[in-house]
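Below is one structure, written out as structure tokens, with a few remarks after it.
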Amino acid sequence: MSKERVLAEFAEIVHEVAGIPVAEVQAGSHLRDDLDIDSLSLVEIMVAVEEKFGVATPDEIAADLETVSAVLDHIERNQPAGVL
Amino acid sequence: MRTYGRRVVITGQGAVTPVGLSVQDFWDALLAGRSGVGPIESFDTEGLPVTIAGEVKGFEPTDYMPRTVSRRIDKYAQFAVAAAMQAVEHAKIVVDDANTHRVGVLIGSGYGPTALVQSGTLTLDGRGHRALAPWLSAATSIDCAAGEVALRLGATGPSGAVSTACASGTSAVGEAMRMIQRGDVDAVIAGGADNSITSFDIGSTAMSRALSRRNDDPQRASRPFDKDRDGFVMAAGAGALVLEDAHSAERRGATILAEVVGYGATSDAYHPTAPHPEGLGARRAMQLALDDAGVPASAVDHINAHGTSTTLNDRTEAAAIRRVFGDHAPAIPITSVKSMTGHMIGAAGAVELIATVQTLLTGIVPPTINCDDPEDPGLDFTPHRPRQHDVKVAMSNSFGFAGHNATLVVRRYE
């Protein structure tokens with residue numbers, strides 16, 4: 001899966017959970033400051049990420065995810081072999 | 001007799017009901033005698049003994065809150081937020097740094113977020129706990145509506161839920177009145193909300209034998225005080241009122257709609273669902289509210305009854321009214337708007353108080369529709385059509401499962 005594709009899929013999840021327009025979800029966006037995603041929404045988003053990409057996010061990792069690019073890196077690093 | 005110095009007034013009202021999504025639409029429907037009862041559309045009723053309800057239709061939560069909020073709360077809480085926002089706008093009260101600590105929120109509910117509890121339980125059963133949304137824990141609590149209203153308004157006085165089954169909305173207003181009288185706060189957004197129309201709600205309440213099974217004639221199913229009644233009709237909605245200390249309201253130039261002068265609350269301690277056969281608790285609630293108001297029974301011009309259309313409630317309530325009001329009882333126009341709205345459970349008391357205030361303001365008593373053959377022919381249930389009647393002092397009754405009784409007395413503000 002290409003990076004653009006992962007971003008598009010992630011933006012779709014963010015839109016579904018937090019109501020943010022897909023186009024506003026950019027690699028450089030800050031989750032809290034730019035997208036207004038609160039702690040409850042982040043948990044919900046990461047559960048959806050796990051279902052979509054097969055990538056689990058332990059709480060201690062989630063706490064450090066502040067930007068969209070950090071999430072995308074996390075997905076890329078941990079995606080099961082053969083999917084990317 | 002009055003033991004409190006502060007007078008409490010109503011300065012704003014909001015309603016979401018099966019017959020209208022605003023106070024004006026609700027009131028117009030009552031005067032037109034329009035029923036909001038119909039076949040249940042929100043879920044498949046196949047196999048249930050009851051297939052009708054008073055559902056709220058055409059409601060758009062995003063008219064009152066962002067989608068990010070509405071998707072995280074049950075519909076009952078969405079209704080509460082909507083009614084509260086309407087009431088606050090009506091009262092033209094601004095919650096800001098100057099008064100935020102002096103504004104409270106009390107929203108009653110009988111059953112609370114039942115749809116989310118049911119869907120969450122099914123999700124847990126089918127897909128495990130990881131499939132449960134993180135906001136469900138907060139959204140499946142009975143205080144969720146009050147918390148969300150406080151959050152949306154930025155009101156930082158005391159907030160919470162009052163839960164006394166079908167009396168919840170009335171209890172919330174009564175307790176809010178006390179909070180203001182005691183001086184805890186200067187204003188409270190008070191009311192009630194419920195949307196207990198899931199397969200579980202309808203199935204379990206049908207099993208308690210409390211619901212009408214007149215499925216083939218929904219608009220005639222809710223018939224309070226009519227001899228041919230066979231149970232209440234489950235309904236959904238919310239009502240909210242802005243209660244204020246009269247001085248504060250006058251100081252900010254608010255339009256005062258009515259004064260809340262009396263509150264009485266009692267328990268039957270008799271049976272989980274049936275009222276006390278002699279209506280002891282109901283009588284005492286009415287008497288306490290009159291004593292609290294400092295008005296004699298003979299001063300009451302109108303009663304907005306609990307009038308559920310169940311065999312037991314309507315018989316005991318009519319008898320209790322006879323006992324409390326004596327010779328004056330036949331002269332009082334009584335109404336049950338549940339004949340049109342169905343029974344909105346925790347919202348009922350708040351919405352019915354709003355109807356009572358509308359009666360004070362307009363001098364029109366809404367009808368009890370479907371009351372063809374009255375339970376007590378000597379009492380005036382205002383059958384079929386609205387009536388012009390000058391009302392200065394009015395009573396609103398709510399009696400709930402578990403024997404919770406609550407009565408409010410309101411008066412024209414002079």
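In case you wondered, yes, glycine gets a Cβ from its N, Cα and C as well.
Any TrEMBL annotation is an automated prediction that lacks curation.
Summarising the annotation, TrEMBL assigns active site, for beta-ketoacyl synthase activity to B:CYS166. A helical conformation is recorded for B:CYS166 (active site, for beta-ketoacyl synthase activity) in the three-state DSSP classification.
Residues annotated as compositional bias 'Basic and acidic residues' in TrEMBL: B:213-228. For the compositional bias 'Basic and acidic residues' (B:213-228), the residues of the chain that approach it from at least six positions outside its boundaries are 35, 37-39, 49-52, 54, 206, 305, 307-309, 314, 318, 334, 336, 338-343, 368-376, 379, 381, judged by C-beta separation under 8 angstroms.
Look at TrEMBL and you will find B:5-412 tagged as domain 'Ketosynthase family 3 (KS3)'.
Annotated region 'Disordered' per TrEMBL: B:209-228, in sequence order.
For B:CYS166 (active site, for beta-ketoacyl synthase activity), the same-chain residues 6+ apart in sequence whose C-beta sits under 8 angstroms from its C-beta are B:GLY110, B:HIS306, B:THR308, B:HIS343, B:ILE345, B:GLY346, B:ALA348, B:GLY349, B:SER398, B:PHE399, B:GLY400, B:PHE401, B:HIS404. Break the region 'Disordered' (B:209-228) down by DSSP state and the numbers are 3 helix, 2 strand, 15 coil.
Here the domain 'Ketosynthase family 3 (KS3)' (B:5-412) has a mean pLDDT of 97 out of 100.
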